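In Swiss-Prot this protein carries:
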type     : residues : note
TOPO_DOM : 1-69     : topological domain 'Cytoplasmic'
REGION   : 16-40    : region 'Disordered'
TRANSMEM : 70-88    : transmembrane segment
TOPO_DOM : 89-92    : topological domain 'Lumenal'
TRANSMEM : 93-112   : transmembrane segment
TOPO_DOM : 113-388  : topological domain 'Cytoplasmic'
């Protein structure tokens, strides 16, 4: 900026000198200085100043882009962690002020709108196409890989693995259009299923529904698979809170062996099962892992049992530097590979034998998907997917 001001000052001095020369000539005298304008300020000095100005660090385009990416990720992390509680507290505060009518109107609306999330919510293509999600995608970056076509005449249950700390790949790929899920799977409506408790939080519920996120409850899944036509894809992060407790960089493990409820739902509705593995999901946060039997793991399991989620002690990088700790995830590639659908028959009353059969088929398909693609995304041929 100082360079620009100096150049501008030079131009002014040059103009004043030129004006003095013209005045001197009009009175018959010689010009005071023919080199004045060239010496004091020219168009080239302005150009040089502008080049210097736009080369300064704070206006570097790539750095601005990177900071926008960091901010876009941080806003989602904060929304995930505190938006619901913060909005609840703000509304309660407003209720105690002269603006109490705003809180009353919203809570009245909430009563009438309470069951909307169970019916798929209010998807907004405008929100799903926000530019902020493209910055979110590019930060890691996140990529969605399609391996097979999906029929719009069928319904699907996608099993997403692993959970990671926040399921960032699941959110970006299926609750936004940043990776063009609607173009890669035309005619398929993705619904990312998450904890039902999130939809009891004011404002947060509206934010989640706008992205096509719904409660991971039997009522919701039954409705979407039986009363919402065809072409629905419900994404369930099968490992849930239990799987998040073992999330750490370098570890490829899923909690699946005793998770059979999603298979039973698929059989009851004749919805095809689609295994998904997200390479890199576990790499973006570091976590303190408590040993089995420790007080820390006991607390986590109690939270998981009674509240539905397990609190994790984790960290990423800082807002302004990757060398400090903070809530911003590390910039590691996340590649989500959507596998081949497993055709599931419709059985109104599936037996345990039926459930076990298709559950085994699903586990085998997931391991096969992992083995087929692992070397493409930086894992050695010897890497084995741990199924717990």
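In case you wondered, yes, glycine gets a Cβ from its N, Cα and C as well.
Fair warning: this is a prediction, and the values are worked out from it, not measured in the lab.
Sequence-distant contacts of the topological domain 'Lumenal' (89-92) (same chain, at least 6 residues past either end, Cβ-Cβ under 8 Å): 103, 106-107, 202-203. As a whole-number mean, the pLDDT of the topological domain 'Cytoplasmic' (1-69) in this prediction is 55. Under DSSP, residues within the topological domain 'Lumenal' (89-92) fall into helix, strand and coil as 4 helix, 0 strand, 0 coil.
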